């Protein structure tokens, strides 16, 4: 299976894979850099001596777990609200409007954080964190939906994976900036922490600028009964003329799906969208999406992201600079592995297989770290030793398994499974679930590290064992399934989709023949087989 091989649901002209679709996906995915930068920079920033001098009376964040937890978790609290608020904005005014809203709120939040001083205390800083978090929550809801809706089926996973790739690039920058300012700016100068905070303005501003040039989602436009505009945007994205059979067929497929979903909404009566969400197939999909994003946080990744300097020091790394350097390496490892995920893994391997392998590798890593902490009782005052080096290496091993699986794949899966009529509402609930669990983990981690010690790592490792069983029993395979064929897929039981059968090569098709579902292909022997 080649590096850039594609699993096509139907014969696809090469023009469809042109630069326009990649440029649009990358531009929208730039919003993820805001998300990634915050997850990378905040832990290192609150560990800077200058930040402690300003807000902690000269103390360090590790000595003030309550204040540290507040600084991190208020961002998640704002993100919960942002994910929910982005739904009515993106559903009524369009996906582009939701993206612009995300950028504007993040800029306002960053400005408020920069206005905080020792005399004002943390109040203004925390207010800025809440408002900035609203922007990131909106990004997490609307950007994956937008990319999924504009993407051809065969590269949908790769393009939605750009969201996670840009998130990791932002995280790497966020991990290294505190290290750089700690080395080059004296701790008595407030610029040491101002610079990392101010850099939030750059990705937010670029997101707003880029959103002005993005084509609106054709699926959203057709849903809003704007067929001319939808056709124009689809022609641009597919790089094909309006009368090309591929464009006409895609418009027809989307319209049929919208008609079916609209009929279901009308039959639902009052509160049609809520009632439609509660239909069995849709309810199950929402449960799967929410569970995946909850499990993503229960891997422990955000405990490491937000408190990595503290964790590395607890494992025996001495000094602020060394712990920040170790944090930066962690970010680089995640970014490189996420690139591998986007280019090779996401559209070549089944979703279920990747989830299971990632959880297994992550669990082993966490159990080793927990066992080391229990036996060796490490601290920054003791020599690191061979066991400590191995424990730190296991942090990086964990990041490898996480980055190629539970990092971006939950967002890919959640963005592709919901019907277009309720996609915004379901993705809003899913994103809010992610932020609720991230809030809980961010709030609890300082206390878990202080009071549970090795049990913190055992806790996350045990959850990854649970995740393996859950994926095996309940999760359906979606690789190679078009967005409009998800309804058929979710009428089947999960065990029937434990693996994807070998795909037959697409052949030229008589255009007078009806389109085959992406769930059904003809095998070389002539039998109908499920394609997943």
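A Cβ is built for glycine as well, from the same backbone N, Cα and C atoms used for every other residue.
Because TrEMBL annotations are produced automatically, they should be read as predictions rather than curated entries.
Copied over from TrEMBL:
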{"type": "TRANSMEM", "residues": "21-48", "note": "transmembrane segment"}
{"type": "DOMAIN", "residues": "24-479", "note": "domain 'Major facilitator superfamily (MFS) profile'"}
{"type": "TRANSMEM", "residues": "68-87", "note": "transmembrane segment"}
{"type": "TRANSMEM", "residues": "99-124", "note": "transmembrane segment"}
{"type": "TRANSMEM", "residues": "130-148", "note": "transmembrane segment"}
{"type": "TRANSMEM", "residues": "160-181", "note": "transmembrane segment"}
{"type": "TRANSMEM", "residues": "193-214", "note": "transmembrane segment"}
{"type": "TRANSMEM", "residues": "286-307", "note": "transmembrane segment"}
{"type": "TRANSMEM", "residues": "327-346", "note": "transmembrane segment"}
{"type": "TRANSMEM", "residues": "353-373", "note": "transmembrane segment"}
{"type": "TRANSMEM", "residues": "393-413", "note": "transmembrane segment"}
{"type": "TRANSMEM", "residues": "425-442", "note": "transmembrane segment"}
{"type": "TRANSMEM", "residues": "454-475", "note": "transmembrane segment"}
{"type": "REGION", "residues": "497-532", "note": "region 'Disordered'"}
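A mean pLDDT of 88 is what the model gives for the domain 'Major facilitator superfamily (MFS) profile' (24-479). Between the transmembrane segment (160-181) and the transmembrane segment (425-442) there are fewer than 3 Cβ pairs closer than 8 Å, counting only pairs 6 or more residues apart in sequence, which means the two stretches are not in contact. Long-range contacts of the transmembrane segment (130-148) within its own chain (CB-CB distance under 8 A, at least 6 residues past either end) are made by residues 25, 28-29, 31-32, 34-35, 38, 74-87, 89-90, 95-96, 98-99, 101-110, 112-113, 156, 159-160, 162-163, 200, 204, 207, 214, 217, 411-412, 414-416, 423-424, 427-428, 430-432, 434-435, 483. Using the rule of three or more Cβ pairs under 8 Å, pairs at least 6 apart in sequence, the transmembrane segment (286-307) is not in contact with the transmembrane segment (99-124). Scored by C-beta pairs under 8 angstroms, the transmembrane segment (454-475) has its highest count with 353-373, from the stretches 21-48, 68-87, 99-124, 353-373, 393-413.
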